[in-house]
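Feature annotations, reproduced from TrEMBL:
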- B:147-208: domain 'CBS' (DOMAIN)
- B:210-267: domain 'CBS' (DOMAIN)
- B:293-310: transmembrane segment (TRANSMEM)
- B:322-347: transmembrane segment (TRANSMEM)
- B:367-388: transmembrane segment (TRANSMEM)
- B:395-420: transmembrane segment (TRANSMEM)
- B:432-455: transmembrane segment (TRANSMEM)
Protein chains: 2
Amino acid sequence: MIEEKENIQFELTDELIEQVELYVETQNDKELKRLLNDYHHADVAEILDELDLEDSVYVIKLLDSETTSDILMELDEDIREKVLKHLSAKEIAEEIEELDTDDAADMIAELPEERQAEVISKIEDNEHREEITELLAYDEDTAGSLMAKELVKVYETWTVAGCLRRIRGQAKDVTRVHSIYVVNKEEKLIGRLSLKDLIVAKSEQKISDIAKDNVDFVNVIDDVEDVAKVMAKYDLEAIPVVDDEQTLLGRITIDDIVDVLKEEADKDYQLAAGITQDVEADDSILELTRARLPWLFLGLVGGVGAFLIMEGFEEAFKGKAFVLFFFTPLIAAMAGNVGVQSSAIIVQGLANDDVKGSINSRLIKEMLLAALNGTILALFLFLFVWATKGDFTTALAISTSLIAVIIVAGLIGTFVPLFLDKRGIDPAIATGPFITTSNDIFGILIYFWIARLILGI
Amino acid sequence: MIEEKENIQFELTDELIEQVELYVETQNDKELKRLLNDYHHADVAEILDELDLEDSVYVIKLLDSETTSDILMELDEDIREKVLKHLSAKEIAEEIEELDTDDAADMIAELPEERQAEVISKIEDNEHREEITELLAYDEDTAGSLMAKELVKVYETWTVAGCLRRIRGQAKDVTRVHSIYVVNKEEKLIGRLSLKDLIVAKSEQKISDIAKDNVDFVNVIDDVEDVAKVMAKYDLEAIPVVDDEQTLLGRITIDDIVDVLKEEADKDYQLAAGITQDVEADDSILELTRARLPWLFLGLVGGVGAFLIMEGFEEAFKGKAFVLFFFTPLIAAMAGNVGVQSSAIIVQGLANDDVKGSINSRLIKEMLLAALNGTILALFLFLFVWATKGDFTTALAISTSLIAVIIVAGLIGTFVPLFLDKRGIDPAIATGPFITTSNDIFGILIYFWIARLILGI
C-alpha cells in the first residue's frame, strides 16, 4: 500500500519546476494532472509560487476545484491575489463552494470590495452563502473572524444510537471531528462529547447522561490573541464559539491558532528589528522600503540629536578631555543594547502573562541588574582607558558615566513597555529602534554631564 | 448543567491566593480541596506558582495524584524542580503513573540523574515503565523526545465491527483519538483511519478496504523543528513516528508542537535582543546577568574598536572637519539599524523556508534597497548639515558616506545569516548585538575613510 519515502519533507527542485513548465508549455494536460496529483496541495502551492503567473493560472484552471481550492488557500498571499484576478466571479465561487466556511470567508475578504458581492451572489449553495456572509460581518481579530460554521452538534435529548445515526450525516461535511457539541432545544451550548465517548457508551444511553458539562468556549467578539492563549494554555484542539446568549455559533480549530501564534511572533520579531509592516524577504524593494524607512528616519533624527548634544559640549571638552568624544559610540551602543535587552524581556513576559508585581518592583530589580552589569563592564573600560591614556581621572569619569548610562538605559527599557501596556498600547513597538534611539540620546547626554561633573570642567 | 461564565480567561486575583494561603495555614483541607477542584489544572498551577514553596508542596500532597500530575506538568519549570525535591521517589512515581508517557519522560528527565533510576524503579506498571525508559533514550530535539507511546493501532486484517470492539479498550488510555493507525502483521505503519471513517463505514468491511494509505509520518530521529514545519504546513493534529523499518513507535500531537513553535520564537526573539539563554522576567538577577552580560561585553569590545578608529583619524580631522566626529553616533546607529533590519528579514525568511534564489541575487536586491533608503536619508542629512554648518563640502562628505555605510551595513546584515545558514549554524545568532556591533565598527571606519577622500585631507 504505502510506498517507502526517503523523507517526509517535500523538496522543491528546479527539475520539478522545469517539468511542470514544460507540460504547461506543451499543454500536456494528462501528464501534468498525473504529476501534480501525486503531491499534497500545500506542495503544489509551493510549486505554483515559483511559476510565472500565467502558468499558475493555467494549472489552477486545469485541475478540479476540489483540489485547486485547497491549493489556492496555501498560495503566497500576493500570488493568490494575482491568480484570483485572472479568474471570473463564477470560477472563484466554484472554488469557494469547496472550502470550509472559515477559509471561504478569508478568501472573499481578500478580494477587492466590488468583486466580493459578485462572487458571493454566484455561490449556489444557499446555506454556505449565508454562513459565509455571516462570517464576513465579524471584525478582524475577533473569534468570529477565525471560526468555521462546520461542526457536529447534537441535542441533549437524543440517545447514543440516534446520535450516531444522525452525526453520520453531519460528519461528512466536517473535515475533522474534534468534539461533538451538545446543545439544548434553544441551541445553547450545554456540554461536549468526543466520538470516543460515543463509541464507548451504550447505545440506549441519553446524550445528557454522557455529555461532559465542563466545556470551554469563547465569545464571538473575544480577541483572537486571547483565544490563542486559552487554547494553548488548556491544550485544546478546538473550541466552540458562542454569543452573549450562549448560542452555539461555530468553532475554532488549533491549526488556525498555530497560524495566529506564528503571525504574532513574526510581528513582534519584526518590530524588534525595526520593520513596521509585515514583509517577507521576497517582497518588492518598494514594499521593503516602506516597511524599513520609518524606523531608519527615527534613527536619523536620534543621530542629529546626538550631534547637537556633542556640539553643546564641544567647548567644555576641547583640549585635554577631547578623548571623551571618541567613546560616544561605545556609550551609545551600550545604552542601546541594555535598553533592547530589558525591553525584550518585559515585552516577552507581558505576552506570556508572566510579568507579575508592581512596576516599582520591576524597576528596582532592573536597577540592581543594570548596576551589576554596569560595574563589571565599567571595570574593564576603566582599566583599558587608564592603561592606554595613563590618566586616572579621565578613566574614572568615563567608566563611572558608563555605569550611570547603563542603569538609566535599563530603567527606560523596563519602564516604557510597562507604561505602554498599562495604556493599552502594544508594548512590542517599544523595542528595537525606538529604545535604541531614545537610549542613544539619553545615554550620550548623561555621559557628558556626569563626566563634566567628575572632571570638574 | 453549564454555569454562565463571564469570561473564559481565568483571572488570578490576590483574594484567591490569600484564600488558598489561609486554608493552607489553618489546614482546612476540606475547603481547600473544594476550592481548587473548581479550577482547571492549568489554573491551579498558576495559583501554586504564586505560593510559598511549602504551601505548594502542601497542596500537591493533599490533592489526588490524578489531578496533581497534571498540575505539576503546568508549573513553572523552576518551581516544579523545587516541589519535586520535596517529594519522595515513591510519590513522584505515583504522579508519573498518571501521566502520558511523553509528559512522564519529560518530568523524569528534569530530575537529577541520581534520582531518575530510583523513581523509574518505583513505577508499578511494567509497560508504562518500559515505555518511559524507551522515550528517555531518545536525543533531545528529535521526534523521539517529543512522541508519546499512547495511540490507537489496528491491524489491516480486522473488520470494522471487530475494530470498533477492540479500540474501545485501547481508546480508554488515550486522551484524544486523532487518528487510528493501521499496521500490518509486522507492526509496520501502512495507513490511517479516523474514528469518523470507522463510524461511517459498514460493520463487515475490512480495515484494509477503508484505510487511507497516504499517511504522513516522521522518523524517530527527525529534528523537532522539521516535525513542527511538516505539521504546520499540512495542518496535521497528530503525526505517527516510525523507525527506519517503518515500524510504528509512537505519535506526536499538535499541542506539543505549539510549545515547540513558541519556544523557538521566544529563543529567536531573545537572540535578536542580545539575550543568550532562555530567561524570564521573574528569574534571579544572577541568571539574568549571565544571559545578558556576554552580548554587552561584545558591545564593549566594539565600542573600544570604534574609539581606536576615531583616535586614528584624530589628526586628519582636527581643525575645520572636527564636526565629523559629532556624527559618529548617527553613523553607528544607522549602520546598526539597517543591519538588524536586513538580518531579521533573512533570519525570518530562512525559518519560514521562503528565502529562495542565490546569495548573489539576495545581495544585489539588498544593495538596491539600501541604496534607495540611504539616498533618501542622506538627502535629509545633507540639507541639515548644509543649513546648520553652511559648508557644502562637509555636508556632501557626511551624506555620501552615510549612503556607503548603509549599503555595506545592509550587505553584512544579509550575507552573515545566509553564510551561517549554509554552514549549518543557526542564523538567529547573527541578529541583534552581533550585527549592531560589527556594523558599528565597519560603519565608522567607512565613514571616516570616504569623508577623508571627499574632503581631500
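Positions of Cβ are set from backbone N, Cα and C atoms, glycine also.
The average per-residue pLDDT of the prediction over the domain 'CBS' (B:210-267) is 89, rounded to a whole number. Against the transmembrane segment (B:432-455), the recorded stretches B:293-310, B:322-347, B:367-388, B:395-420 differ in Cβ pairs under 8 Å, and the greatest number is found for B:395-420. With a threshold of 8 Å between CB atoms, the same-chain residues lying at least 6 positions outside the transmembrane segment (B:322-347) that come near it are 268, 272, 306, 310, 355, 362, 366, 369-370, 373, 377, 381, 389, 394, 397-398, 401-402, 405-406, 408-410, 412-414, 416-418, 427-428, 430-432, 435-436, 438-440, 442-444, 447-448, 451. Helix, strand and coil counts from DSSP across the domain 'CBS' (B:210-267) read 25 helix, 16 strand, 17 coil.
Here the transmembrane segment (B:293-310) has Cβ contacts under 8 Å with residues 274-276, 325, 328, 332, 432-434, 436-438, 440-441, 444-445, 448 of the same chain, all six or more residues outside its ends.
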